[in-house]
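Q: Pulled the feature table from Swiss-Prot, pasting it below:
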- 164-334: domain 'Helicase ATP-binding' (DOMAIN)
- Asp177, Glu178, Val179, Gly180, Leu181, Gly182, Lys183, Thr184: ATP binding site (BINDING)
- 280-283: motif 'DEAH box' (MOTIF)
- 490-662: domain 'Helicase C-terminal' (DOMAIN)
Amino acid sequence: MPFTLGQRWISDTESELGLGTVVAVDARTVTLLFPSTGENRLYARSDSPVTRVMFNPGDTITSHDGWQMQVEEVKEENGLLTYIGTRLDTEESGVALREVFLDSKLVFSKPQDRLFAGQIDRMDRFALRYRARKYSSEQFRMPYSGLRGQRTSLIPHQLNIAHDVGRRHAPRVLLADEVGLGKTIEAGMILHQQLLSGAAERVLIIVPETLQHQWLVEMLRRFNLRFALFDDERYAEAQHDAYNPFDTEQLVICSLDFARRSKQRLEHLCEAEWDLLVVDEAHHLVWSEDAPSREYQAIEQLAEHVPGVLLLTATPEQLGMESHFARLRLLDPNRFHDFAQFVEEQKNYRPVADAVAMLLAGNKLSNDELNMLGEMIGEQDIEPLLQAANSDSEDAQSARQELVSMLMDRHGTSRVLFRNTRNGVKGFPKRELHTIKLPLPTQYQTAIKVSGIMGARKSAEDRARDMLYPERIYQEFEGDNATWWNFDPRVEWLMGYLTSHRSQKVLVICAKAATALQLEQVLREREGIRAAVFHEGMSIIERDRAAAWFAEEDTGAQVLLCSEIGSEGRNFQFASHMVMFDLPFNPDLLEQRIGRLDRIGQAHDIQIHVPYLEKTAQSVLVRWYHEGLDAFEHTCPTGRTIYDSVYNDLINYLASPDQTEGFDDLIKNCREQHEALKAQLEQGRDRLLEIHSNGGEKAQALAESIEEQDDDTNLIAFAMNLFDIIGINQDDRGDNMIVLTPSDHMLVPDFPGLSEDGITITFDREVALAREDAQFITWEHPLIRNGLDLILSGDTGSSTISLLKNKALPVGTLLVELIYVVEAQAPKQLQLNRFLPPTPVRMLLDKNGNNLAAQVEFETFNRQLNAVNRHTGSKLVNAVQQDVHAILQLGEAQIEKSARALIDAARNEADEKLSAELSRLEALRAVNPNIRDDELTAIESNRQQVMESLDQAGWRLDALRLIVVTHQ
């Protein structure tokens with residue numbers, strides 16, 4: 001290898017040293033100085049791992065003074081190169097730059113530069129890079145992108161709402177599904193889609209204080225969204241880091257009370273430039289035209305500043321039409337400004353609902369009915385569709401569905417309000433109550449008597465709360481170490497029940513963490529019952545482990561003991577037996593408890609066991625819940641309303657459970673009120689809205705498509721390959737679960753999403769739903785997305801060399817495999833990836849420029865190739881450099897046609913889809929005032945920007961592989 005003083009070389013093994021200069025040569029060794037690091041390296045002349053750096057006409061090079069030059073000619077004299085070309089800063093031509101004056105910090109980023117500089121990657125990295133490009137491009141084009149990554153069951157009505165709302169610009173909607181139908185999941189799905197597509201980057205979630213941790217857990221566990229919880233302490237800390245404390249985080253959860261308590265804090269929230277605001281339990285925002293509540297005004301102020309708003313609420317009609325109007329007014333104050341007008345409009349929707357019912361019934365339509373439909377829809381060319389709907393042809397059903405969609409688009413609040421009911425959604429189990437009346441122990445009787453004397457000045461509410469938990473009254477007098485469990489008959493009953501139902505998974509819920517911990521100790525020590533504990537004092541990871549142990553079929557815990565707060569946000573529908581060791585104070589909490597098991601997807605009827613002590617507040621409450629509200633065996637949408645109306649009477653009965661006079665009348669009145677309200681709700685059901693929210697066959701097809709995608713094995717093969725190359729250890733634990741841990745030889749020292757202790761993953765949705773400690777891996781999971789970013793944002797796998805053993809071709813035949821990427825640069829919120837994600841175009845060229853890619857499929861070809869070590873590869877590249885340059889020029893000439901075809905197709909698709917959406921909404925605007933002006937403006941602006949960005953789309957070489965034919 002001829003070395004000359006002043007020549008520039010690069011190390012094959014330490015490319016981070018930059019450009020080296022030959023500073024000493026003798027008979028056997030050569031010394032290189034690497035100026036960018038100041039280090040020297042001594043190599044053997046005969047076989048040194050270094051590559052000569054030679055640039056070619058067309059390349060851009062940088063001098064050590066920092067100016068750049070486009071090379072036009074290369075001269076060699078006495079082994080040293082001089083580059084002649086035009087300076088890019090002064091446009092001076094004929095400038096000469098000797099190689100000794102090249103910038104030593106030179107980084108080879110183009111694939112061809114890396115290849116010629118000896119920076120040759122392993123063959124498997126090249127294959128991974130191509131697959132990453134291919135799969136990444138395919139995922140963006142999926143119609144349900146953003147809906148597959150969440151750890152949830154594929155429930156059609158939820159997917160329908162999320163698919164519709166998640167793709168809108170700054171959606172402003174009211175999610176009002178009945179309890180247990182998954183409003184939180186729907187909101188999470190919408191957030192996930194908006195964040196993934198770039199439509200939103202900053203999100204604020206405002207919830208009641210008791211639900212903060214539930215939301216935190218749900219967002220992290222189900223959607224891999226890591227929110228920051230802001231309370232007084234966190235807010236004060238963040239004030240040191242930024243003028244506006246909320247600018248320190250992109251995703252924030254806070255309580256409604258926290259938001260409204262301070263004027264300055266509310267101002268900071270309003271100024272924080274959120275893209276989406278989510279408000280849970282929005283039915284608690286009290287409003288009247290004369291006196292809106294402070295809470296309502298706070299949310300109203302925020303809703304004026306935030307483009308997208310999701311309000312989650314209980315049954316809209318539950319608190320009356322005025323309250324319902326108030327929530328719609330938050331979403332669009334221009335549209336919903338007059339309550340009287342709103343009431344009148346609602347009455348006018350009845351004929352539309354009747355028309356939809358008529359179409360769905362499938363009966364022949366009379367001429368009058370056809371005319372009425374034509375008038376309602378108001379489109380000039382509707383006649384053929386009406387005729388098709390009334391025919392006996394195969395198209396009749398789809399024509400009727402299209403007419404239903406058109407009616408729903410044009411009338412009512414279906415664009416801003418989504419509502420599903422249990423009547424309209426199948427798949428819910430029955431609930432069976434088993435009450436167990438137990439005697440009140442003398443120890444408790446004495447403690448209660450003493451407490452009554454000593455606590456005479458306590459309020460009725462405080463006495464009522466005390467009376468619900470006699471074990472705590474006993475401990476107040478006997479001390480925290482008092483062994484109440486030795487005589488409490490509920491403990492004896494629980495042990496007997498568990499030992500006689502060893503094969504059943506049982507969820508036990510009690511109000512306090514201390515009770516759960518004491519019960520675990522008793523069950524373990526007395527009966528050897530395996531019980532996991534779940535309470536608010538545990539970290540999320542500890543709770544995950546407890547939940548996972550409970551979920552294990554054979555060796556897992558038989559019982560999970562949960563505290564009230566600790567169980568928030570967790571669902572255990574693989575269990576169907578529940579024991580309420582005590583009772584919660586209000587019907588909302590009771591429904592929340594039962595909701596841990598009563599979910600869509602529950603395979604068995606739910607058995608609810610309530611052991612209660614006679615002559616205590618528990619005996620009062622169990623009767624009121626069951627006989628007054630029917631709240632154990634059915635969901636109770638009327639519960640809160642009735643609870644508020646009889647609160648004072650109920651508190652008095654709970655505070656003095658021995659005073660039963662008039663209690664039967666109270667229960668009777670509550671039951672009558674419950675039945676009347678329930679009938680009123682049923683009568684007021686908006687069938688039109690339910691049909692729209694449910695999604696019908698379209699939603700079912702969406703769920704089936706995602707289920708099909710779940711079975712795709714490409715992801716598993718790709719992920720394992722990715723983990724291998726990044727350097728992540730994989731340990732198969734069986735049951736479709738794998739443990740990933742960092743190795744000592746990682747591609748990056750700290751891979752995002754992989755902790756030092758490792759993580760458990762699964763590719764199986766069912767396993768992920770049963771095992772909360774296992775992360776559900778999809779194309780949308782941060783682990784895969786971070787892996788794709790790591791590979792594609794750098795130069796991993798961008799240049800390699802392989803040998804093809806093929807005796808049908810002459811030895812030394814060259815092939816060059818080129819991977820071009822066609823892409824457009826644009827702000828993320830334009831969501832350009834819908835039309836033109838970075839798309840790979842593969843070419844396989846011989847020396848004559850023949851493209852063999854169509855005949856030779858990538859994976860088949862890849863299996864026929866053999867790797868070459870870097871040192872040998874560098875020698876081969878140097879030997880054929882001119883030939884490779886010639887083939888690259890042939891590739892550049894050919895790529896334009898393929899790239900232009902992709903760009904034109906993307907332009908046509910974008911123009912067609914965005915123009916159609918704009919035309920549709922403009923037509924609807926004439927008949928449905930729920931189409932917002934700003935939505936139309938945004939779509940028009942988005943269309944223009946998308947088209948401009950696609951006009952500027954281009955292509956670049958992303959990776960190349962040199963293939964040399966051999967017969968050995």
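Going from the start of the chain as shown, residues are counted 1 onward.
Backbone N, Cα and C atoms are what each Cβ position is placed from, and that goes for glycine too.
What's the neighbourhood like for these features in this structure?
A: Mean pLDDT for the domain 'Helicase ATP-binding' (164-334) in this predicted model: 88.
A 10 Å cutoff on Cβ-Cβ distances gives Glu178 (ATP binding site) a total of 19 other Cβ atoms nearby, all chains included.
Across the motif 'DEAH box' (280-283), DSSP helix (H, G, I), strand (E, B) and coil residues number 2 helix, 0 strand, 2 coil.
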Q: Return the single residue from the binding-site residues list (Gly180, Gly182) that has the minimum number of other CB atoms within 10 Å.
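A: Ranked by other Cβ atoms within 10 Å, the binding-site residues Gly180, Gly182 bottom out at Gly180.
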Q: Across all the protein chains here, work out how many other Cβ atoms are within 10 Å of the Cβ of Asp177 (ATP binding site).
A: 26
Q: Out of these binding-site residues, Val179, Leu181, which one has the fewest other C-beta atoms within 10 Å of its own C-beta?
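A: Candidates: the binding-site residues Val179, Leu181. Fewest Cβ atoms within 10 Å: Val179.
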Q: Going by DSSP, give the three-state secondary structure for Lys183 (ATP binding site).
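A: DSSP call for Lys183 (ATP binding site): helix.
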Q: Taking the recorded ATP site as Asp177, Glu178, Val179, Gly180, Leu181, Gly182, Lys183, Thr184, identify the other residues of that chain whose CB atom sits within 8 Å of the mean position of the site's CB atoms, giving them in sequence order.
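A: Apart from the listed residues, the neighbours are Glu186, Asn420.
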Q: With H, G and I counted as helix, E and B as strand and the rest as coil, say where DSSP puts Glu178 (ATP binding site).
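A: Note: Glu178 (ATP binding site) is coil by DSSP, not helix or strand.
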Q: Inside 10 Å of the Cβ of Thr184 (ATP binding site), count up the other Cβ atoms and send me the figure.
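A: Within a 10 Å radius of the Cβ of Thr184 (ATP binding site) lie 21 other Cβ atoms.
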Q: CB neighbours of Lys183 (ATP binding site) within 10 A?
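A: I count 24 other Cβ atoms within 10 Å of it.
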